[in-house]
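What follows is one structure encoded as structure tokens, with my remarks underneath.
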Amino acid sequence: MSSPRVPGHPRTPRPTEDGPAVPAPTPDTADPTLAAEQAHLEHARDQLRRMRESAESLDAGTAADAFNAAYLEGALARRVASLRDDPRTTLFFGRIDHTEDAGREVLHIGRRHVGDEHGDPVVVDWRAPMSTAFYRASPTEPMGVRLRRRFGVDRGRLTAYEDERLDRGDVTDRSAILAAEIERPRSGPMRDIVSTIQPEQDEIVRSDLATTICVQGAPGTGKTAVGLHRAAWLLFSFRSRLDRSGVLVVGPNRAFLDHIGAVLPSLGEVRVSHATVDTLLDHGRVRAEDSPDAAMLKGDARMAEVLRRAVWSRVGRAEDALVVPRGSRKWRVPGYDVQDEVDALVARGVRYEAARELLPQRIAHLVMLRIERSGDFPGDRVQDSIARSAPVKAYAKGLWPALDPAAVLFGLLSDADALAEAAAGILTDDEQAVLRWSSPPRTKGAARWTRADLALLDEAADLLERTPSLGHVVLDEAQDLSPMQLRAVGRRASTGSLTVLGDIAQGTTSWATDSWDTAMGHLAREDHELVVLDRGFRVPGLVIDFAARLLPSMAPGLGAPRSVRDDPGRLDVLRVEPDRRSAAVVDAVREASAQEGSVGVIVPDAFVTAMSAALTRAEVPHGRLDEGHGDDEDRQVELVPASVAKGLEFDRVVVVEPAAIAAAEPDERTGLRRLYVVLTRAVTGLTVVHTDPLPGPLAD
Ligand SMILES: Nc1ncnc2c1ncn2[C@@H]1O[C@H](COP(=O)(O)OP(=O)(O)OP(=O)(O)O)[C@@H](O)[C@H]1O
């Protein structure tokens, strides 16, 4: 491969058309290739401006009516916004030249499509099928590509390029431009990786909409990045279908959603919803906590059958005859006839509420049959009025009462007999005792639901009425969900597909899964593709080796990622006297924040307040990522409770008292897994400050 050309350049501030002055490098006129590419970039910018001006000149007033005009105006405004030129970046980051046989076409690949006035592409969207070769072509499978060029980019200018000649086998897997992207200091929220997606990642990103994929990957292997880029690719490739059905990203907590929240908008996709499992299961606020045993049991998939029985047991038996007065006559339908209708509705497999709504019509039909047998044929309108008549409504209501999810769960958790009936043969007596409220609230409205209850309420809601399905769901950190939570997410993609991302070794809930087969079964996706990612883009070698000492004790059989980082990173493990701990942390944070890049101070949850006070006393500005607080681009130092660290990354990380982080979990394995998560957040350096001995495997 040709080595990258990285011309030297003075930096000069450059005002841009669309934004504030951005200090940008001047183009290297000495390098004719780069100068030609820079000229193509200017051409692309001109064309994008032309496209924008053309969109701006369109008039929504030509619409047929006010409603259509309003709609058109919104669509035009979105179109104009999507055609804005972001001066901080370039319109393309790569190029492929096809061989003579493949038509010698030259394509510049970028974040969005730009066309010229003849409709010819000036820049091709990275998601278009013809861009695939940029990511995947190799000497063994050149895909018609002769040359692949990657560009180094700095504040909106091209500063370097790197060529691979696939026709000559002149390629390497050590791209300096990729290395520079991976090695860059991290600051602010997560960025897209669109210019450097790797072939194994691209395969996942471009998997068909119908395919559900499960990605197992060690920390920093790009699972989250891949999931988000897959969402963007799917929206591009199946736009009309997914515009209607929707795409959802589910992550572990608010801080994580804030961390990743800018990636899809930066790729032009603003219509993707983001949620945590708790906000997704929108059945009220979490106002209580379960005992570990109760939480475990409520997360157990057996609860699905208990709830199913609880719901359907509410359908009564039609013992008494129904009498419907009409005019001077009374029509009598024996209970056993109504019961046949009830049995038929139950057997139809429709949801409880849908069947309940059908019942009055079915009963009215039985009345109509009797009227017709008497020689009268009154028609459909009469059947409707019989269905809506007071006696039929009351009879149907008694037989098939209206239910809501809270009523179902309240009934189970507060009434020992109801629970015993629904759980017979499924839960033991002891398990039922664990589930039951010791002092039940007086009404369902007064119930203080727990996190695990939300999944049970969701299951009940789906038994009553079908949950609408989205087109695609990206589920991150999926290893942490209970079987009942997995079912809840799965039903939101019942007619769509899923991208399931996770790492068994990072499972830190009591119900964390140890098997993707099992988890995918709970998501109702036995038919999925499992892909393993093992190249680590985040954690440097020294740090991952340290963290990986934990693996044999808490996830035997799972390997650490192979770090692709050039920088081996820095690892400092400082044991200090108890009265020096805060000062040592402050010193470590000061040292870390003296350099470019974000700093995460990860502490046992119970230390957050005291540590924040210590940093404040030492006049170290910092944010707090306690649950519910989001990331903030402007803050260099974030104080992170260990329980919130999952999925985040910082340039430098200071971990405080690993033994206390591990000890805060209910069991040793979960404690070591939490520690593994915490120790694998660093991109450049990790400092561990402790007074207590390190947990066994780390001390070895
Ligand atoms: N192809 C790539 N090019 C450049 N950077 C990449 C690439 N793939 C991943 N990265 C970077 O590596 C880092 C880790 O990625 P990501 O957070 O997606 O990993 P993960 O597997 O989800 O990690 P974890 O399991 O710890 O949450 C991010 O900074 C991401 O941008």
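Including glycine, each Cβ sits where the backbone N, Cα and C put it.
These come from TrEMBL:
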{"type": "REGION", "residues": "1-32", "note": "region 'Disordered'"}
{"type": "COILED", "residues": "34-61", "note": "coiled coil"}
{"type": "DOMAIN", "residues": "196-540", "note": "domain 'UvrD-like helicase ATP-binding'"}
{"type": "BINDING", "residues": "Gly217, Ala218, Pro219, Gly220, Thr221, Gly222, Lys223, Thr224", "note": "ATP binding site"}
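Of the chain residues outside the ATP site list Gly217, Ala218, Pro219, Gly220, Thr221, Gly222, Lys223, Thr224, Asp503, Leu533, Gly536, Phe537, Arg538, Pro561 have their Cβ within 8 Å of the site's Cβ mean position.
Taking Cβ-Cβ distances under 8 Å and a sequence gap of 6 or more within the same chain, the neighbours of Thr221 (ATP binding site) are Leu533, Asp534, Arg535, Gly536, Phe537, Pro561. Mean pLDDT of the predicted structure over the coiled coil (34-61): 88.
Annotation note: Thr224 (ATP binding site) sits in a helical segment as assigned by DSSP. Packing around Gly222 (ATP binding site) is summarised by its Cβ count: 24 other Cβ atoms lie within 10 angstroms of its Cβ, all protein chains included.
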